[in-house]
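Under the heading domain 'MacB-like periplasmic core', TrEMBL lists A:18-216. Annotation comment: TrEMBL describes A:249-366 as domain 'ABC3 transporter permease C-terminal'. The feature transmembrane segment is assigned by TrEMBL to A:250-270, A:290-318, A:338-359.
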Amino acid sequence: MTFSSIAYANLRSHAVRTLATLFSVLLAVASFVALIGLARGVEQSLLSALNQRQTDVVITEKGAVDLISSIVDEDLAERIEAFDGVSDAAAELTRMTSLDNGGSAVVVAWHPGAYPWRALTLSQGALPDERAGEAAVVGEAFANRYGLEVGDALRLFHTDFEILGIADSESLLTRNLVMLPLATAQRLTFREGQATAINVRLDPALSQAGKTAAIERLKTGFSEYAVEDIQALATGHTFARIADVLSRSIAVVALLSAVFAIFNTMSTAVRERRGEIAIMNAVGWSRQQIVLLILLEAAVLSGAGGLLGCAAGAGVAHAVAGWDAVSGIVDPAISPRLLAEGLLISIFMGLAGALLPALQTTSLSPASVLRGK
Amino acid sequence: MTGASSIRSFPPKGSISARDLVKTFNRGSTRALDHLDFGAAPGEMTAVTGPSGSGKSTLLYALAGLIDLESGSVSVSGETPRTHAEWTRMRQRHIGLIFQDDWLLPTLTCAQNVELPMIGLEHNQKRRRERVDELLKRVNASDLADRTPAGLSGGERQRVAIARSLANRPEILLADEPTGELDSGNSQIVMDLLTTLSTREKMTIVIVTHDPRVARACGRHFVLCDGKGTYSDLSSETEAS
């Protein structure tokens, strides 16, 4: 017999209560893992797409709530391209639109020949040229989801587009994009001469310090715009911040609920077992040993709930990411580190919830408990 | 009744003595132990009797270090523990405890209940298991080893509790109404066990009891009344009763 076998026996003896508490912990940790994983997934999707395009800096309207609502003059790209340390600049128009079949699409548009087009890897077809009108390149996941092939028609903005090519990418966002020539997208969305952002590629020959200096120069030179490196953009733009704050807030509430559930369970458990705890002290168990046993029970309970919660949270996050409304935008970032955080938090919750009941019970006089029955 | 002094000179190992114990309840209005002295020599079997509320159980819990006293001290095998930690160590190594209610842990088997006091003292699981087998055999409860207390009779449970009290080979056994909830047959079995421990193994035993038959089985008789105690002559009391 060991400490852990005694703890296990105690937990098993109140199976319903143990399972109910385990479920509370499971829900809390699952919420934490799913919400944080999805929020981080939003950041990583954007970062991965920008990396795939070889973009180093994104310039948007200062104060714009998100990338889609930003408006900048497309001619800004030429001024930026002339800047020292800049290799390429491409005006980009981003829109979200609904499809006739009820799905949705993230549409991005660049001038044919702009560097983001060149960074694409096509698995089929070709890129649009200067003469292309209603032509589109779609990501492979988007094509697979809607059964599209090169030469098929895709209806967007009440207009039929011919699919010229299908792009493959490591970036989930890119695999789910619809990419159009800029002029066509501007005309159909009444944004002539406008872009939502300017994508900037710095001179690849620059060192990291050189790139940092170039970004600083861009910030100074274009101080009326928001000039951000892609890491800052992915984590700092309003949508990411809102997603982060919302997910963390909900996760904290869920975690606090679980702490209370464990506190409640352990309070009830030790109150019911006051006599047993007193007899353990009477037969020579020290206060520390008894507190350790109670904490071990809580840690086993919350650890098991945490493990199941991590698995459930990962499953929920992937299920949510598959919903049509967000499909292709969010790739849940369920990293080993996030799962470890979930597990550690669950065990910490267990210990925090059990500590007070454990200390209260072991501070009682064994005699008063044993005689009080 | 004799007026023999309760404080005698004992060899340390196996002796237990208390001096000037004071314990009150209800914010001092009820004096359970009133400057009480008590002593038991190694191998002695002492019955503590007295009317309800006279302080018998309080004395026993004081001898086990399970209550905080207003004043006084208890010496066990020549040591005088003061702190809770010292008392815990004392109970683990030198004192076995038996209660009217057996207080077996319902989630553990009888063997695990007997093993419980050894956790933290004997780290070798095989040796613990051998000791458990030996103790259960000694109280004639080997067949109960893998059963939980729930389905056992009162006598069976108390025998397992006695085995648990002997787990760490204590020199002193303190028993609070050990036969209080048993029928006469099981009471006799329990008293035979305790008498054997006293006579053959020279274990010091203090038994709180209301039962005259249990008191008669003891060599010494300590009578408590209103928190004060005296030793009595068992033979004269038996005749009087």
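Glycine residues also receive a Cβ, built from the backbone N, Cα and C atoms like all the rest.
Packing against the transmembrane segment (A:338-359) from elsewhere in the chain are residues 25, 28-29, 32-33, 36-37, 40, 255, 258-267, 269-271, 290-291, 294-295, 297-299, 301-303, 305-307, 309-310, 313-314: each is 6 or more residues past its ends and has a CB under 8 Å from a CB in it. With DSSP classes pooled into helix, strand and coil, the tally for the domain 'ABC3 transporter permease C-terminal' (A:249-366) is 96 helix, 0 strand, 22 coil. Taking the domain 'MacB-like periplasmic core' (A:18-216) as a whole, pLDDT averages 89 in the prediction.
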